[in-house]
Amino acid sequence: MLTYQTWESHELPSFPHDNETKGALDVLAWAYGEYKDDIVYACSFGVEGIVLIDLISKVKQDAEIVFLDTCLHFRETYETIEKVKEKYPFLRIVMKKPSLSLEEQAQQFGDELWKHNPNKCCELRKVIPLREALTGVTAWISGLRREQSPTRKHVEYINKDDKFQSIKVCPLIHWTWKDVWNYVYKHQLPYNVLHDRGYPSIGCEPCTSPALDPNDLRSGRWAGRGKTECGLHIS
Ligand code: SF4
């Protein structure tokens with residue numbers, strides 16, 4: 001098995017991406033064959049997440065899916081998770097919460113931390129919980145696509161993840177926004193209704209607005225706060 005420690009000397013497999021899923025199914029089949037139950041998918045239940053869940057269910061019906069439940073998500077996001085649970089009853093969906101409740105966080109760091117220190121808020125409510133969720137597993141899956149932003153355009157299928165001392169598998173790197181939606185419509189998958197209301201990228205409610213720039217799908221995330229990533233994908 002490829003482990004983080006042996007990364008430097010390991011020859012990574014290559015995957016064709018001139019097929020229907022642009023390599024995603026091949027990557028997932030390899031990853032679950034390699035890591036078995038030692039891999040989790042950290043899913044935000046945005047539309048890319050729905051595509052990945054459908055593809056994962058073809059490879060491993062009882063895969064473990066982790067949702068970083070900050071307690072600050074939109075009602076529509078929680079409704080989407082319920083729809084996914086109905087459609088894929090064998091998936092193991094874990095709602096991973098931060099150790100601090102919102103009240104405890106407010107007592108220790110002040111009210112509405114996301115307004116005056118969003119990086120600290122993301123660290124407490126996303127980064128640390130993901131680190132805990134990845135403890136004891138070798139690899140994790142992410143729905144990053146190269147097209148999403150300049151910070152993501154060099155992502156590979158299989159990435160050494162120094163931040164979490166893990167291996168990050170990104171099956172959708174070659175998918176475009178159009179590919180994602182074509183797949184969802186073709187397979188009639190459930191998705192977050194906020195996507196139909198101008199939200200291409202959906203995170204926590206206090207930090208997500210409809211996209212400000214139609215050419216920048218993530219322009220509604222932390223708009224006006226000089227922040228573009230929650231910290232999960234930054235070394
Ligand atoms: Fe806090 Fe906003 Fe980060 Fe959610 S996205 S954890 S509310 S700063």
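Glycine residues also receive a Cβ, built from the backbone N, Cα and C atoms like all the rest.
Among the features that TrEMBL reports, domain 'Phosphoadenosine phosphosulphate reductase' is placed at 39-210. Taken from TrEMBL, the feature [4Fe-4S] cluster binding site covers Cys121, Cys122, Cys204, Cys207. Look at TrEMBL and you will find Cys230 tagged as active site, nucleophile.
Taking the features listed in TrEMBL, we show where each one sits on the structure.
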residue: Cys121; record: [4Fe-4S] cluster binding site; DSSP (3 states): helix
residue: Cys204; record: [4Fe-4S] cluster binding site; DSSP (3 states): strand
residue: Cys230; record: active site, nucleophile; DSSP (3 states): coil
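Cα-Cα distance from Cys207 ([4Fe-4S] cluster binding site) to Cys230 (active site, nucleophile): 10 Å (rounded to the nearest whole number). A distance of 9 Å separates the Cα atom of Cys121 ([4Fe-4S] cluster binding site) from that of Cys230 (active site, nucleophile). Non-local contacts of Cys204 ([4Fe-4S] cluster binding site) by the CB criterion (under 8 A, 6+ apart in sequence, same chain) comprise Thr70, Leu72, His73, Trp114, Arg125. Cα separation, the residue listed as 'active site, nucleophile' to Cys122 ([4Fe-4S] cluster binding site), rounded: 6 Å. In the shown protein chains, 24 other C-beta atoms lie within 10 A of the C-beta of Cys121 ([4Fe-4S] cluster binding site). Model confidence over the domain 'Phosphoadenosine phosphosulphate reductase' (39-210) stands at 96, taken as the mean pLDDT rounded to a whole number. Comparing Cβ neighbour counts within 10 Å across the recorded positions Cys122, Cys207, Cys230, the minimum falls on Cys207. Apart from the site residues Cys121, Cys122, Cys204, Cys207, the chain places the Cβ of Thr70, Leu72, Trp114, Pro118, Arg125, Lys126, Gly203, Pro206, Trp222, Cys230 no farther than 8 Å from the centroid of the site's Cβ atoms, the recorded [4Fe-4S] cluster location.
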